[in-house]
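What TrEMBL records for 17, 18, 19 is FMN binding site. According to TrEMBL, the domain 'Flavodoxin-like fold' annotation covers 3-212.
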Ligand SMILES: Cc1cc2nc3c(=O)[nH]c(=O)nc-3n(C[C@H](O)[C@H](O)[C@H](O)COP(=O)(O)O)c2cc1C
């Protein structure tokens, strides 16, 4: 039995939202095909997620140097730890999110800020130990290479190809963070272009939702 964490980062109605339709297609298909797995749903917009700020940054630095923390710092670390531990305990993680203003919703950014933790998701590498200077991920050793992740994303325009691909800082942002943690196994289902090509929108969305169901079966 696997524990699967389903995360959603969109609080629009499912009727309106394509990324939430992706979430539900994937979830229903997954439940049908993996009836014995334990599923945990995390709706980021229903959580109180304080931004990464001085309390968390200073608190973590103090922990590193064995300095006593004040109450605000302790509280900030406790909140981040709660989400970090839940993420680490899951065998598989599914994250559904829209592209907003070329990037991810702020709640997901904050959530990823909690996951970026030296000693838990990655370990800094000493500069001398870095073998491949051209590997951007070589500065750290990822500590969770076996975590299975699925990214479900919807975006109104097409960003799959250049010159538009470089503008996309949503899926790329999440993938870069996961790459830093050493995650190798990432499934991606993206529905894109339904705003850019409204005459094809119905077909684009239908095809994407079907793909989500298929990917969920073998996830
Ligand atoms: C505030 C806002 C910003 C958006 N920014 C972009 C964008 O930068 N690029 C894009 O292609 N689509 C953008 N869109 C469209 C969404 O990506 C599109 O609606 C997609 O289906 C994901 O949102 P949904 O899950 O709510 O449907 C934006 C939509 C909103 C509401």
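Cβ from N, Cα, C; glycine included.
For residue 18 (FMN binding site), the Cβ neighbour count at a 10 Å cut-off comes to 26, with all displayed protein chains included. Summed and averaged per residue, pLDDT over the domain 'Flavodoxin-like fold' (3-212) gives 96. Within 8 Å of the Cβ centroid of the FMN site, not counting the listed residues 17, 18, 19, the chain contributes 10, 12, 16, 20, 21, 22, 23, 96, 98, 154, 191. Around residue 19 (FMN binding site), the same-chain residues six or more apart in sequence whose CB sits under 8 Å from its CB are 8, 10, 96, 97, 98, 152, 153, 154, 191, listed in sequence order.
Its Cβ taken as reference, residue 17 (FMN binding site) is surrounded by 18 other Cβ atoms within 10 Å in the chains shown.
In the three-state DSSP scheme, residue 19 (FMN binding site) is classed as helix.
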